[in-house]
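Student: Quick paste of what TrEMBL says about this protein:
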type	residues	note
DOMAIN	68-327	domain 'G-protein coupled receptors family 1 profile'
TRANSMEM	52-77	transmembrane segment
TRANSMEM	89-111	transmembrane segment
TRANSMEM	117-145	transmembrane segment
TRANSMEM	166-187	transmembrane segment
TRANSMEM	207-234	transmembrane segment
TRANSMEM	267-284	transmembrane segment
TRANSMEM	304-330	transmembrane segment
Amino acid sequence: MANNGSGTGFVSGASLSAAPDILLDDLTTPNAGNTSQESGEEYLIFQPGIQAGFYVIYSAILLLGITGNCLVMYAVFRNKAMQTVTNYFILNLALSDILLCVLCVPFTPLYTFLQRWIFGAFLCHLVTCTQAISIYISSLTLTAIAIDRFVVIIHPFRQRMSRTMCVGLIICTWLFSIVASLPYAVFVEYTVYDDIHVCQENFPGQVRLTFGSITTVLQFVIPLLIITSTYTLISLKLSSRARCKPGSKTLRKEQADRERKRRTNRMLIAMVAVFGLSWLPLNLMNILDDVSTNLGLGWARWPYFHLLFFVTHAIAMSSTCYNPFLYAWLNENFRKEFKDILPCFRRRRQSRSRAMSCAFSDTRHLSTTRTALEPETQIRQDLPSRSTFQNNTELVDLRTTCGNTGPAETAPVQNNVQAGEAVAVL
């Protein structure tokens with residue numbers, strides 16, 4: 001049966017085309033069983049060894065993605081001090097990544113590898129729509145985090161977004177994502193060909209290519225441009241701050257500022273690179289699939305096409321594992337929460353404190369014993385010599401001098417922290 005030009009991919013425009021058209025075309029032919037066997041020989045994606053490798057990769061992504069993002073959400077919920085505007089966005093990002101793991105990671109490979117939809121009509125419509133929603137939420141939340149940091153650092157004296165406004169913005173993001181993804185619930189059909197159940201798109205005419213292109217622009221192109229431009233401006237702003245008033249800084253403080261600036265720049269570059277490199281290959285594959293389907297070019301019949309699709313799909317899904325590390329673990333406050341939550345860190349901290357306590361106790365016991373046995377010798381040893389007294393006097397003078405200049409040196413740091421809360425998050 002022909003697909004009438006509408007395509008039979010699975011959420012193709014939403015950056016999740018699970019089955020390029022030729023796979024489902026094989027299923028909808030009269031001799032589906034024989035064709036399926038032939039396609040297993042023709043297309044590399046049906047090789048058992050390759051499928052086993054992808055099952056391992058997707059299982060690792062599912063485990064790491066859900067574990068890491070659940071840990072982020074628990075860290076925010078358990079401590080009210082962590083419930084800031086920026087962390088609300090990170091919380092929303094973690095939720096969208098969990099949805100990606102649950103709705104995209106298992107369904108997409110199973111549908112293609114099994115060459116049939118085994119989850120029923122309801123999940124055919126629900127999963128197709130919610131996959132697109134979760135990707136919208138993820139990309140728009142990353143964009144909101146970038147804009148929030150931009151406002152805090154570039155305009156430090158402007159009033160910060162309130163938590164109520166932040167929650168309202170998150171709700172608007174969800175509403176927009178749902179509305180933009182509704183066509184994927186409408187233009188999808190659950191059909192049966194020779195006892196083989198298929199969940200396929202059914203966009204009329206050229207609507208698939210047009211709608212897929214619009215979705216790619218909204219989900220990937222615009223967020224990537226905003227994230228890249230805002231983080232570039234943030235990096236330039238931090239560089240200009242580091243060059244301000246160099247004469248008022250000590251050498252050690254200048255070195256610390258340079259190191260902090262390098263860390264921040266590396267962090268910003270990593271954020272842009274992870275988002276761009278994770279999603280660009282899959283979006284290109286979806287565009288090629290849509291163009292090939294609408295123009296009848298037959299690119300999907302290339303034996304390596306489906307293998308490349310799943311390579312790019314796995315790369316995109318792996319972003320759910322990177323986000324908790326980039327946006328949470330590199331934040332000192334999140335790290336402290338994780339160390340309190342995870343048993344391995346807690347045991348290590350308890351053993352370290354117990355060892356320090358024992359060492360301190362042994363030192364006190366040894367000091368008491370020596371004092372009791374050799375009082376005169378110990379008193380004589382405890383009396384400072386003239387040179388020691390002079391050195392201590394110089395040390396006191398040095399501390400006094402540093403103490404007079406301490407507040408003046410720490411004031412710019414305090415101002416920077418007050419003016420730019422997002423610097424700590426970076």
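Cβ from N, Cα, C; glycine included.
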Student: Of the listed stretches (52-77, 89-111, 117-145, 166-187), which one yields the highest count of Cβ-Cβ distances below 8 Å with the transmembrane segment (207-234)?
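Tutor: Looking only at 52-77, 89-111, 117-145, 166-187, the most contacts with the transmembrane segment (207-234) come from 117-145.
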Student: So are the transmembrane segment (166-187) and the transmembrane segment (117-145) touching or not, going by 3+ C-beta pairs under 8 A with a sequence gap of 6 or more?
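Tutor: The transmembrane segment (117-145) and the transmembrane segment (166-187): touching, yes.
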Student: Counting only residues 6 or more past its boundaries, what in the same chain has a CB within less than 8 Å of a CB in the transmembrane segment (304-330)?
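Tutor: Distant contacts of the transmembrane segment (304-330): 15-18, 20, 22-23, 43-45, 50, 54, 57-58, 61, 64-65, 68-69, 71-72, 75, 90, 93-94, 97-98, 100-101, 104-105, 108-109, 112, 138, 145, 267, 270-271, 274-275, 277-279, 281-282, 284-285, 289, 338, 426.
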Student: Going along the chain, which residues at least six beyond the ends of the transmembrane segment (267-284) come within the CB cut-off of under 8 Å?
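Tutor: Residues 15-16, 139, 142, 146, 216, 219-220, 223-224, 227-228, 231-232, 234-235, 309, 311-313, 315-316, 318-319, 322-323, 326-327, 330, 426 contact the transmembrane segment (267-284) from elsewhere in the chain.
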Student: Would you mind listing the long-range same-chain contacts of the transmembrane segment (52-77), meaning Cβ under 8 Å and 6+ residues beyond its ends?
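Tutor: Distant Cβ neighbours of the transmembrane segment (52-77) are 83, 87-88, 90-91, 94-95, 97-98, 100-102, 105-106, 109, 113, 310, 314, 317-318, 320-321, 323-325, 327-328, 334, 337-338, 341-342.
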Student: Against which stretches of its own chain does the transmembrane segment (89-111) lie, if we need a Cβ under 8 Å and a gap of at least six residues from its ends?
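Tutor: Contacts of the transmembrane segment (89-111) (Cβ under 8 Å, skipping residues fewer than 6 from its ends): 10, 16, 18-19, 51, 54-55, 58, 61-62, 65-66, 69-70, 72-73, 76, 117-119, 127, 130-131, 133-135, 137-138, 141-142, 144-145, 148, 166, 170, 173, 199, 310, 313, 317, 319-320, 323-324, 327-328.
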